[in-house]
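The domain 'Glucosamine/galactosamine-6-phosphate isomerase' annotation in TrEMBL covers 11-225. Under the heading active site, proton acceptor, TrEMBL lists D68, H139. Annotated active site, for ring-opening step per TrEMBL: N137, E144, in sequence order.
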Amino acid sequence: MMQINVMKDYQDLSRKAADCVAQQIKRRANSVIGFATGGTPVGMYAELIRMHQQEGLDFQQVTSFNLDEYVGLSTDHPQSYYHFMWERLFSQINILPENIHVPPGIFDDAEAVCRQYEAQIEQAGGIDLQILGIGQNGHIGFNEPRDTFTVSTHITELAEKTRKANARFFSSEAEVPHRAITMGIGSIMKARSILLLASGRSKAEAVKQIFSGRVDPHIPASVLQLHPHVMLILDEEAASLIVDQVPSGR
Ligand SMILES: O=P(O)(O)OC[C@H]1O[C@](O)(CO)[C@@H](O)[C@@H]1O
C-alpha cells in the first residue's frame, strides 16, 4: 500500500519524515534504518539531531545502512557520502560507530564488497525502515534507468543527468565520479517499510512516474508500487502533477 502525505513546504516535510523515523526507533530501540544522502533528507537529519538533543531520542542501539557511495572517494573525502552522513547526522547523535554502514568507495574486489554489504544487512536482521530520495530521472539509491533492474548491491555507471544534478556539491562537473556502489532494487525492496521524500518542482515528473501503473526499470522508482508498506512524503511542488492520486482532505 502506498500512503501519500503532501506537506505545505520543505520544513513540514522534514519534520514529518523525522517523526516517522523517531516513531520507528521508539517502537523498536534496535531498529535497522536505511539512510539516504542528497539534498532532500538534510532537513530531516537536522530535525533528528534536534530530537536527540532536546527530547532524548536515543540512537544507541540503532544500526544504519546507507544506500550508496561514489566509487573512488574515501570516507574522509568532503564529497563522499560517508563524510556527508558523518557531518549531517552521525557525529551529532549517539549512534555507535560500529553500527554505521556505508558502502565503501575504495576497494580492490568489487564483487566481494558488494556481497559483504548484502551479508551485513542480512546479519543485522534486514532493514526496518528505508529512507529514499528520488532522482529527477526516477532513480532510487543510484539505481539508474536501465533495461533491467539490478537486484543486489552493485557497481553502477552514473547517468549524465545524475552527474549534472550532483555537480552542485562539487567544484565542477568534471569532478563528479562516473561510478557508484549502490544497494540494488532487491535490497531496497526487502526493507520492511519505505519512506520516500521528494521536494520541489524538479521532482514532480519523477514522482508522477511512480504511479505510471507499470513497473518499468527505465523508471526505477516505479517498482515501489509493488511494495506493501511505502509512505511518500512530498511537498506541494513535488506533488503538483499527482493531485488526482492524493485523497481529498489530506
Ligand atoms: O535529494 P537530491 O539531492 O535531489 O538527490 C536525489 C537522489 O539522488 C541521490 O543523491 C543520488 O544521486 C540519491 O542519493 C538521492 O536520493
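Any Cβ shown, glycine's included, is placed from N, Cα and C.
Features recorded in TrEMBL, as mapped to the structure shown.
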residue	record	contacts (Cβ under 8 Å, 6+ apart)
D68	active site, proton acceptor	T37, Y81, P103, G141, F142, A180, I181, T182, M183
N137	active site, for ring-opening step	E144, P145, A159, K161, T162, A206
H139	active site, proton acceptor	P145, A159, T162, P220, A221
Secondary structure at D68 (active site, proton acceptor), reduced by DSSP to three states: strand
Segment-level pLDDT (mean, integer) for the domain 'Glucosamine/galactosamine-6-phosphate isomerase' (11-225): 97
Neighbour count (Cβ, 10 Å) for E144 (active site, for ring-opening step): 23
